[in-house]
Amino acid sequence: MAARCSIAFMIMASCLSVVVSGGLPGDLFALSVASKLRVDRNSTARASSDFGRIVAAAPEAVLHPATPAEIAELVRFSASSPSPFPVAPRGQGHSARGQSLAPGGVVVDMRALASRRGRVNVSAGAAPYVDAGGEQLWADVLRATLEHGLAPRVWTDYLRITVAGTLSNAGIGGQAFRHGPQIANVLELDVITGTGDMVTCSRDKDSDLFFAVLGGLGQFGIITRARIGLMPAPKRVRWVRLAYSDVATFTKDQELLISKRASEAGFDYVEGQVQLNRTLTEGPKSTPFFSSSDIGRLAGLASKSVSGVIYVIEGTMYYNESTSTTMDQKLESILGQLSFEEGFVFTKDVRYVQFLDRVREEERVLRSIGMWDVPHPWLNLFVPRSRILDFDAGVFKGVFAGANPVGVILMYPMNTNMWDDCMMAVASDDDVFYAVGLLRSAAVIGDVERLEKENEAVLAFCHNEDIGCKQYLPYYTSQDGWQRHFGAKWSRVADLKAKYDPHRILSPGQRIFSSPASMVVVSM
């Protein structure tokens, strides 16, 4: 274990960049929230990096608020100061490129709010909903809603991340083809703007702020509460994985499963994975779904393919005791419409909670072998359906030809009409688009540089071939890049930034607008 820790530290030290910045205004420490500010090295160090472990940026202080009002006081002070400083809310720090960091400013430890009781409240009426603090983990929201036999409709694959964190991006998962992203299921928000105002907003009240904050990358306000619609929670899940050796057949079947015709009585969740080379033998070991013999069979299927690439559809059907007798019949009806490789059907029957929290077990496995706290140079893209086969040929069978990635590659479709274009999240012009997640980890020294070069090659391919990709959990180093990303929404982004965060205080780690803090970047 000591050796693994040493290796992890060397990897991190070899790839991080550090931001050195000036101090905070002295009268900040005369505020009533001063007792909640920590400036010691241990506190600032913990808030200096994120899950990606690619970037490090030291804040001057960390705020551990007891109430949202204390966050608002901090933001108001910065906004009214002759020397405004950056403020960044941080939940679990699950960003990959320093988006949750505040170089030269103050990081707000949102999880500190979770120590107060009553931050998750369920209303189980005719139109049920949950009021959840922005700092709450989705796992905690699930636990609270299940006590009432209810649950949110859409889930990210990993539940140990915060409500505000996912809603600031979009929040996608295998249920999004039916219900849209998580932001499409929000009814109301409490937001602290960049001027320190505390605003309750919805589609009908202060709607410009409501739509700006959902998918707004933290640029317009800090979400402290979200009201999220609920549905009756099922008890059990029939969990299915189907293997393919042909990408055209794989995508055709995925698109059938998310179509209106199939989805009315079909899968409740649809995702997919691309397995190539090392991911066939290493990736499945971190999940309890496949047995050793299953993995061997999948590797054998890949060996028969010229490219060495295979594809896996992952789907689920929810059910309760009252519908269990018809489950097998419904599943057989769906499978009869699909063209997966004969004999490559893998099924499990699990509790609803066990399925939703499935990545938790994978996390435990990866932590046990020292592969969780390593750099994650992830790249997530939305690829138009019209170009997904070109993307497959150019990336999986081009850029990644001969590669041996450690991690997971996701690829699954969503329906564009389930996304609200009033919100700031950017999807696709096609009626169907694919979420492609290159969720790879740097296992040894030197991997970060290699993986980053491959990411650059992927982006270059998409640009040169005019694939029309959009980044999800985006990262750009110039405002030109951000303008291209937002496209027609850019003017609205700029106008709303000027309205709700005129001093460009909030979430500087996104690098969309210049930060009020001066920064010097040096290599470690």
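Each Cβ is built from the backbone N, Cα and C atoms, and glycine gets one as well.
When Swiss-Prot records Gly91, Gly93, Ser95, Gln99, Asp157, Thr162, Ser168, Ile172, Ile223, Ser507, Gln510 as binding FAD, the matching candidate from Tyr129, Tyr244, Tyr472 it lists for that site is Tyr472. All chains included, 13 other C-beta atoms sit within 10 angstroms of the C-beta of Asn320 (N-linked glycosylation site). Per-residue pLDDT, averaged over the domain 'FAD-binding PCMH-type' (55-233), rounds to 98.
Taking Asn42, Asn121, Asn320 as the glycosylation sites under consideration, the smallest Cα distance to His94 (pros-8alpha-FAD histidine) is found for Asn42. Residue pair Asn42 (N-linked glycosylation site) / Asn121 (N-linked glycosylation site) shows a Cα separation of 34 Å. Take the glycosylation sites Asn42, Asn121: by the count of other Cβ atoms within 10 Å of each Cβ, the lowest one is Asn42.
With respect to their backbone Cα atoms, Asn121 (N-linked glycosylation site) and Asn320 (N-linked glycosylation site) stand 25 Å from each other. DSSP gives Asn42 (N-linked glycosylation site) a helix state.
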